[in-house]
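Colleague: Among the features that TrEMBL reports, (6S)-NADPHX binding site is placed at Asn150, Asn151, Gly152, Gly153, Asp154, Gly219, Phe220, Ser221, Phe222, His223, Gly224, Ser225, Asp257. Among the features that TrEMBL reports, K(+) binding site is placed at Asn151, Asp215, Ser260. The domain 'YjeF N-terminal' feature in TrEMBL is assigned to 100-316.
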Amino acid sequence: MLQPLLRRSKTMKCLLTQSSLLSICPPDFPCFNHHCPILSPHFPPLFSRFWVVVQGFRSSNSRINPREYCSNSGVGVKAMASAKIVRDPESISYLNQREAAEIDEILMGPLGFSVDQLMELAGLSVATSIAEVYKPDEHNRVLAICGPGNNGGDGLVAARHLHHFGYKPFICYPKRTSKALYNGLVTQLESLSIPFMSVEDLPVDLSTSFDIVVDAIFGFSFHGSPRPPFDDLIQRLVALGNPNQNNEKSPVIVSVDIPSGWHVEEGDLSGKGIKPHMLVSLTAPKLCAKRFYGPHHFLGGRFVPPSIAEKFKLDLPEYPGTSMCVRIGKPPRVDISALRENYISPEFSEDQAEADPFAQFQKWFDDAMAASLKEPNAMALSTTRKDGKPSSRMVLLKGFDEDGFVWYTNYESQKARQISENPQAALLFYWDALNRQVRIEGSVQKVSDEESEQYFHSRPRGSQIGAIVSNQSTVIPGRQFLHQKQEELEAKYSDGSLIPKPKYWGGYRLKPELFEFWQGQPSRLHDRLRYTPEGMDGKRTWKIDRLSP
């Protein structure tokens, strides 16, 4: 009975452990190993909105998902690192100008870093910080205003990465240097057809043409007053911070390390300087960052070795997972009513749908597997008591065929009691990265003891013991109670002897009476195809209806 999904479980294992993932990776995808889902199951699908396999269709927007480099990538990383993502700004270290310069000298001196290495890491940190907050479908047009020094180089590198992340960058680089490093950065950007704009080409009002403006003009080594043309450019950025009288959307300002024109230690002395929405501190925050009151403060530049941290007594937030950026301070409170996603998907039409809903489910399940989604067999199971009160929980599908969909549980649990009172249930699969969900409704019955026995002994021994330890849904005095029972059973079966399946543990099978396949589409005009059974010549067939979204 379980062969259909058991065969796929081998495929799943192969996707997570073997190089067969190459069969679904884009051929030009740069494998960084530690960013790869083969080696890091906590990372989100590499094939989210940017690259997915959908019924053999490859999206033309074949880009790397920038959020894999950010601090809230994937459910697993976010869950493990949530305590580290937010640090109280008062509890971390800040650098004065002398300390910042000394750290750079040590990095590029005895520690062997080159300026281009540090610039590449800094620019990537800026780009991933932007991608953390501002999605490219909402803030696509990015103007990077780059100064003549290292801060400007960071902006050039950031623009290159933003291009690969799906943004449309423009460069204003008025005082170019003849150094080979900077010439190389310009060449790289020109090879990507990223346009360069002179100061004269820029609109007087930047709010009409751009969604994000990257302030990469001056860094912590700048002294004195800005000279032309940067004085005028800074004033244009200042103007963006003033309320728009026409209530038009104004672009956000992202400052690299230091808001240009600020004192590196005292901040905005006049009170009339740039007021960025985001500040990306590099290496460690500078003292002026204490006077940054915008909504988004990130730290980037993940290259500080322990010797520098010890020498300067740096207390910095830990970077979660493989992130290149980490948030400082609490994120702004979000208006939940404003959260929305405009789904972009291939259309799902009747002529594409399989006549048999089980075959259609198989096709979509295979797509979810190919996209390396985390637990594509996870499903919401909804049951009701005899009085009609419902409850839902997540369970794992462990097999499906034309007889139904199988999962396993404790027969004395709440869901089991509800199924005994009302043997009707609903399943819901949600595959976020594919913009898809599948609803299934039907009657439920227990699988045979033989099926339950076979599956129980296919599980890891720890899971077998866990099934005996947990008297599911009952009240217990504490977690230690579970650990104690677990240790007792581990000692009892330490000789490797067969662990007996409890009589109160086994499987259920839902026999479908309705399927609905949902594919997200722009402007909420989603595709919904419903399958219901009907008889024809004594044979069971399925009627397909399109439902209004």
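Cβ coordinates come from backbone N, Cα and C, glycine included.
TrEMBL does not curate its annotations; it predicts them automatically.
Source: prediction; values computed, not measured.
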Colleague: Between C-alpha atoms, which of these binding-site residues comes nearest to Ser260 (K(+) binding site): Asp154, Phe220, Gly224?
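Modeller: So, of the listed binding-site residues, the one sitting closest to Ser260 (K(+) binding site) is Phe220.
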Colleague: I'm trying to understand the geometry here, so how far is the Cα atom of Asp154 ((6S)-NADPHX binding site) from the Cα atom of Asp215 (K(+) binding site), in Å to the nearest whole number?
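Modeller: That separation, Cα to Cα, works out to 10 Å.
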Colleague: Can you tell me how far the Cα of Asn150 ((6S)-NADPHX binding site) sits from the Cα of Asp215 (K(+) binding site), in Å?
Modeller: 13
Colleague: Taking only the Cα atoms, work out how far Gly152 ((6S)-NADPHX binding site) lies from Asp215 (K(+) binding site), in Å, as a whole number.
Modeller: 9
Colleague: Using a 10 Å radius around its CB, how many other CB atoms surround Asp215 (K(+) binding site)?
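Modeller: Taking every protein chain into account, the count is 29.
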Colleague: State the Cα to Cα distance, in Å, between Phe222 ((6S)-NADPHX binding site) and Asn151 (K(+) binding site), rounded to an integer.
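Modeller: Taking the Cα atoms only, Phe222 ((6S)-NADPHX binding site) lies 10 Å from Asn151 (K(+) binding site).
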Colleague: Rounding to the nearest whole angstrom, report the longest C-alpha distance spanning Asn150, Asn151, Gly152, Gly153, Asp154, Gly219, Phe220, Ser221, Phe222, His223, Gly224, Ser225, Asp257, listed for (6S)-NADPHX.
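Modeller: Max Cα-Cα spread across the (6S)-NADPHX binders: 21 Å.
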Colleague: Using the Cβ centroid of Asn151, Asp215, Ser260 as the reference point for the K(+) site, which residues of the same chain not in that list have Cβ within 8 Å?
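Modeller: Nearby residues not in the site list: Ile145, Gly147, Gly152, Gly155, Ala216, Ile217, Phe218, Gly219, Ser255, Val256, Asp257, Ile258, Pro259.
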Colleague: With every protein chain in view, how many other Cβ atoms are within 10 Å of the Cβ of Gly224 ((6S)-NADPHX binding site)?
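Modeller: So the number of other Cβ atoms within 10 Å of Gly224 ((6S)-NADPHX binding site) is 6.
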Colleague: Do you see any of the binding-site residues Phe220, Gly224, Asp257 whose C-alpha is within 10 Å of Asn151 (K(+) binding site), and which ones?
Modeller: Phe220, Asp257
Colleague: Between Asp154, Asp257, which of the binding-site residues has the fewest other CB atoms within 10 angstroms in the structure shown?
Modeller: Asp257
Colleague: Could you state the CA-to-CA distance between Gly224 ((6S)-NADPHX binding site) and Asp215 (K(+) binding site) to the nearest Å?
Modeller: 18
Colleague: With an 8 Å cut-off on Cβ-Cβ distance and a minimum sequence separation of at least 6, pull the same-chain contacts of Phe220 ((6S)-NADPHX binding site), or say none.
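Modeller: Non-local contacts for Phe220 ((6S)-NADPHX binding site): Gln97, Ala100, Ala101, Asp257, Ile258, Val264, Lys286.
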Colleague: Least buried of the binding-site residues Asn150, Asn151, Ser260, going by other Cβ atoms within 10 Å?
Modeller: Asn150
